[in-house]
């Protein structure tokens with residue numbers, strides 16, 4: 001009879017993609033304290049992202065931004081029963097090893113932190129725990145998957161409350177998927193070369209008409225209508241970073257965004273959920289900011 | 001008639017694909033008014049039980065669904081779905097504080113079992129197995145941050161065991177499994193459900 005320790009690398013990769021499948025139709029919320037994690041779980045978060053500072057504050061503070069204190073992450077793990085994710089810097093496989101050592105459920109190799117390596121991403125196939133990575137287009141998404149990512153999210157532009165980049169990235173990825181699906185079999189080799197990805201992954205997208213892993217929206221989602229917009233554009237779930245705990249009434253806004261992701265194609269429900277949410281996070285327009293985090297790691 | 005698939009959160013699309021393969025018509029339950037459509041079976045998918053349980057209550061679907069299950073409507077609950085069905089739910093071991101009542105269930109509470117949530121620990125504890133399933137034979141089983149059945153009450157019967165732990169139970173027309181038959185391409189558990 002099979003035991004946990006018998007799990008082969010192939011089975012582990014499959015189980016890691018399947019955990020992302022279980023998160024679909026859900027909202028993953030950034031939290032910085034156990035108290036915020038509890039509010040997020042009570043509001044219906046499918047998972048939480050534990051980090052020391054939310055993207056809006058990282059942006060405001062400037063400087064080098066690193067993996068969070070493991071003690072702070074453990075405090076959140078002990079507070080909630082939903083999956084706990086945490087971020088490491090792009091290419092910083094030692095930070096990822098630390099997160100695996102504390103049994104994190106998902107690692108986000110994230111452009112929100114300062115990149116540790118400007119050439120190489122982490123070889124995620126060497127890890128037991130799953131990774132989610134950001135992508136702006138199909139090439140980036142498939143390169144991350146080739147490196148072992150079990151889940152993809154749009155990069156968006158974190159910490160801005162401006163959804164324009166998440167929309168741009170989701171539309172681009174999905175239109176590129178439709179394009180690949182429309183190609184003849186003998187055109188896939190050239191397409192793989194153009195996208196700078198393995199032909200096996202291009203063939204998978206061609207045959208299935210979708211990415212081989214779950215794809216969430218992230219970056220700039222601040223309202224129930226933002227969440228509904230991303231779901232209608234084809235996101236399978238939503239990350240909300242600064243949008244909740246930078247707003248006037250985090251618990252209410254969190255519940256409203258959860259409801260909006262479930263009933264994303266019901267405008268009357270979205271209208272009801274959008275009432276009396278208090279102040280949304282203060283937005284920064286994309287063209288007002290100096291550091292475009294989405295440009296990190298390609 | 002059709003099978004209703006609870007589509008509040010989680011891996012409901014995977015169940016819908018299984019039902020398509022078996023030629024069973026289905027539709028999604030997302031809010032209370034969806035209950036007005038005719039259905040004679042129910043699937044409760046995997047996902048996060050705290051999210052699904054909270055939305056079930058908030059949407060006003062918990063009581064009507066409980067009544068229909070108690071009246072004998074066939075139901076298949078997988079992973080989080082098993083937790084929603086369980087009469088008793090015990091919190092997970094890693095948790096140190098006292099969770100609020102909204103988060104620990106029981107929710108539908110129609111299945112006479114005690115379920116241990118996150119019983120195998122975090123994602124590193126997720127695993128794949130093959131084991132005997134009563135009246136079906138050996139089936140592939142994926143356990144993803146899975147629960148197991150810590151106690152089987154007198155009205156329920158055990159259907160499968162892995163490493164000594166009960167991972168599938170039946171009580172009349174209710175089937176609850178801790179793993180994900182919708183993920184491994186083997187249709188036999190769904191076939192058993194559709195024959196109820």
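Glycine too: its Cβ is placed from the backbone N, Cα and C atoms.
Together with B:47, B:48, B:49, B:144, B:145, TrEMBL lists one candidate of B:117, B:188 for binding L-glutamine, that being B:117. Taking only the Cα positions, the spacing between residue B:145 (L-glutamine binding site) and residue B:79 (active site, nucleophile) is 9 angstrom. Taking residue B:49 (L-glutamine binding site) as the reference point, the active-site residues whose C-alpha atoms are within 10 Å of its C-alpha, out of B:79, B:180, B:182, are B:79.
Taking residue B:180 (active site, charge relay system) as the reference point, the recorded positions whose C-alpha atoms are within 10 Å of its C-alpha, out of B:48, B:79, B:117, B:144, are B:79, B:144. Just so you know, the Cβ of residue B:117 (L-glutamine binding site) picks up 24 other Cβ atoms within 10 Å once every protein chain is counted.
Using a 10 Å Cα-Cα cut-off from residue B:79 (active site, nucleophile), the recorded positions that qualify among B:47, B:117, B:144, B:182 are B:47, B:117, B:144. Take the recorded positions B:79, B:144: by the count of other Cβ atoms within 10 Å of each Cβ, the lowest one is B:144. Proximity to residue B:182 (active site, charge relay system), defined by a C-alpha to C-alpha distance within 10 angstroms, is shown by none of the binding-site residues B:47, B:48, B:117, B:144. The 10 Å shell around the Cβ of residue B:47 (L-glutamine binding site) contains 27 further Cβ atoms across the protein chains shown.
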